[in-house]
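Below: the structure, in structure tokens.
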Amino acid sequence: MNATKILQQGRQPMIRFLGKRVTPSQIDHSPKVHPASPNQALPESFASYRQKAQQHGPLNQSKFATGQIGGVPGSSLGPIEAGKGNYFDRSELPKRFQRLAWTQAEIDAVESGGASMFA
Amino acid sequence: MFRSVVPRALPRAVRPSAVSRSTFCAPNIYFQGRSRRGYASEAEEKDLVIIGGGVAGYVAAIKAGQSGLKVACIEKRGALGGTCLNVGCIPSKSLLNNSHLYHQILHDTKHRGIEVGEVKINLQAMMQAKDTSVAGLTKGVEFLFKKNNVEYIKGTGAFQDEHTIAVNLIDGGETTVRGKNILIATGSEATPFPGLTIDEKKVITSTGAIAMTEVPKKMVVIGGGIIGLEMGSVWSRLGSEVTVVEFLGQIGGPGMDAEVAKQTQKILAKQGMKFKLNTKVTKGDMEGETVTINTEAAKGGKEETLDADVVLCAIGRRPYTNGLGLENIGLETDDRGRLIIDQEYRTKIQHIRAIGDVTFGPMLAHKAEEEAVAAIEYLTKGYGHVNYGAIPSVMYTHPEVAWVGQSEEELKSAGVKYKVGSFPFSANSRAKTNLDTLGFVKMLSDAETDRILGIHIVGPNAGEMIAEGVLAIEYGASSEDIARTSHAHPTLSEAFKEAAMATYDKAIHY
């Protein structure tokens, strides 16, 4: 032990034990260029997709911070049910909740008990 | 009436509760691609769906299973392990090892005091040995899937939408599987040579090169990279007259140090391989019994015609995304077909990630493994790590060639001041006793700080020895650190230590 100490006074190895490995407390998850990317650039589509993507609110982090859509809890917008005497119209809902028009193929399928799908 | 009671959910595909059970999946078969509406119960959603059961995919699947994710892995080959285990690294290593033994018994026994009678090759049995190794390993991975609760779906997956993968099952029928997260790990395929049709008999890729039924008299290898030289070595040892045609001025492909490449070429040439560097293949004709290859000097000029029983196309590999349905979700690839990802392996669609050969970086199995673990860690812990500056490359010829970090040429072109130290195996005691002394260890370190920048080895056991170099680079060691670390005597690794000594000061035994 002492012999090692004396030896190491003269030379400090470059490899040193840094302590237990821990996950950094703050990690920036915003998309950045992959280290092995040949052109060192992210295409514009990454930013534009994030702008467009609506997944329980926009993915764009800055909007959360500025208090825009998704930046405030939904409950603060008031009750989701229509007020007394008022009704929501289906056409007011986002497109995915709106009515899907029946195609002729579907009508035929229902009327023929599914047989038309194999005709 | 009927219309008003039908749930108006998004058109979601229906999936049986357990895909692995080969039950009759009527709703899927009948409605997939036909109906826009979901009439049945919602599909069970996985935490992670992995497309591809190669090294990247299966490692990610096991890691995800260990992390407690509900994971499914889709593989169309019918066996796990991908190119590496089935038609790449593993079978080629079996052939390299056994052909080396044959070659050694044939040519390198007398002066060792061993007298051998008639030595014959039984190619069928050699292939059988290779198949046994492969089967054992792929079954092993399948066992690990079961152990870690990974659902293994045998079929071809394609994106239906951003969360749904339609799977064409190998055993017939179709199904769909939904995932909160999706990992693309579809790997790569051999790049075909324009003008030559791959038939895996006369014109072959590495896949055909590990499955030939007889030793060809003459073989031409287009491309003097790692795959070409390894497979060329195998068939050269078994008796083929092998000619390697390489467009560039050195063998080994990108990253191999020029001094190492030159030495390796000399050694392989001594073993019987012929090399035509700075030469391009202009035309190939497969019409007759043999294949005729026309070549000319890369810069134009001298033309030549080569005749071969078998031509191996080993000009590289390209990412494999055919039939994946990327167009259905609007995912783009770059000019070389690689999926574009960010630092956390995410494509522009955040929950879809890509790792391994299908995206950036060197097409190496161990790089894919690292990425697999990191991608799952990003998913589960939000933090992962792959050091692309410390990924080793190994060529399993004899002697082996291995390197990590930068080559001397790369340092020169980057204007980095460096020190060089090298040590030949001919001065290493163990190599001497093994009568296997070809090659050397070369170390490059920063002129100012002595931090190791690159390590290049050509010699016996280089592939194993490079691990120490990778660790040194990963930890940011100096050559003095290695030189002052005790290495057992007598071992080949002493050559590694002595090269480090030569870098920061002087080697003892040379």
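Any Cβ shown, glycine's included, is placed from N, Cα and C.
Annotated domain 'FAD/NAD(P)-binding' per TrEMBL: B:46-372, in sequence order.
Here TrEMBL flags B:Cys84-B:Cys89 as disulfide bond. The DSSP secondary structure for B:Cys84 (disulfide bond) is helix.
Around the Cβ of B:Ala365 (FAD binding site), the same chain contributes B:Val55, B:Cys84, B:Gly88, B:Cys89, each under 8 angstroms and 6 or more positions distant in sequence. According to DSSP, B:Ala365 (FAD binding site) sits within a helical segment. The FAD binding site annotation in TrEMBL covers B:Lys93, B:Gly157, B:Thr186, B:Gly187, B:Ser188, B:Asp357, B:Met363, B:Leu364, B:Ala365, B:His366.
Taking the Cβ of B:Glu246 (NAD(+) binding site) as reference, residues of its chain lying under 8 Å away and at least six apart in sequence are, in sequence order, B:Gly223, B:Gly224, B:Gly228, B:Phe275, B:Lys276, B:Leu277, B:Asn278, B:Thr279. What TrEMBL records for B:Gly223, B:Gly224, B:Gly225, B:Ile226, B:Ile227, B:Gly228, B:Leu229, B:Glu230, B:Glu246, B:Gly316 is NAD(+) binding site.
In the predicted model, the domain 'Pyridine nucleotide-disulphide oxidoreductase dimerisation' (B:391-500) shows an average pLDDT of 97. The annotation domain 'Pyridine nucleotide-disulphide oxidoreductase dimerisation' is assigned in TrEMBL to B:391-500.
For B:His489 (active site, proton acceptor), the same-chain residues 6+ apart in sequence whose C-beta sits under 8 angstroms from its C-beta are B:Ser429. If you look up TrEMBL, you'll see B:His489 marked as active site, proton acceptor.
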> Far apart in sequence but close in space: which same-chain residues, 6 or more away, have a Cβ under 8 Å from B:Thr186 (FAD binding site)?
Replying inline: B:Ile51, B:Gly52, B:Gly54, B:Pro319, B:Tyr320, B:Thr321, B:Leu324, B:Gly356, B:Val358
> Near B:Lys93 (FAD binding site), which residues of its chain come within a Cβ-Cβ distance under 8 Å, counting only those 6 or more away in sequence?
Replying inline: B:Tyr396
>> By the count of other Cβ atoms within 10 Å, pick out the sparsest of the binding-site residues B:Ile227, B:Met363.
In response: B:Met363
>> If I take the Cα of B:Ser188 (FAD binding site) as reference, which of the binding-site residues B:Gly225, B:Ile227, B:Leu229 has the closest Cα?
In response: B:Ile227
> When the number of other CB atoms within 10 A of each residue's CB is tallied over all shown chains, which of the binding-site residues B:Gly223, B:Gly225 has the maximum?
Replying inline: B:Gly223
>> Can you give me the Cα-Cα distance between B:Met363 (FAD binding site) and B:Ile227 (NAD(+) binding site) in Å, rounded to a whole number?
In response: 12
> Including all protein chains displayed, how many Cβ atoms other than that of B:Cys89 (disulfide bond) lie within 10 Å of its Cβ?
Replying inline: 22
> Any idea of the Cα spread of the NAD(+) site, B:Gly223, B:Gly224, B:Gly225, B:Ile226, B:Ile227, B:Gly228, B:Leu229, B:Glu230, B:Glu246, B:Gly316, as a max distance in Å?
Replying inline: 14
> Including all protein chains displayed, how many Cβ atoms other than that of B:Leu229 (NAD(+) binding site) lie within 10 Å of its Cβ?
Replying inline: 29
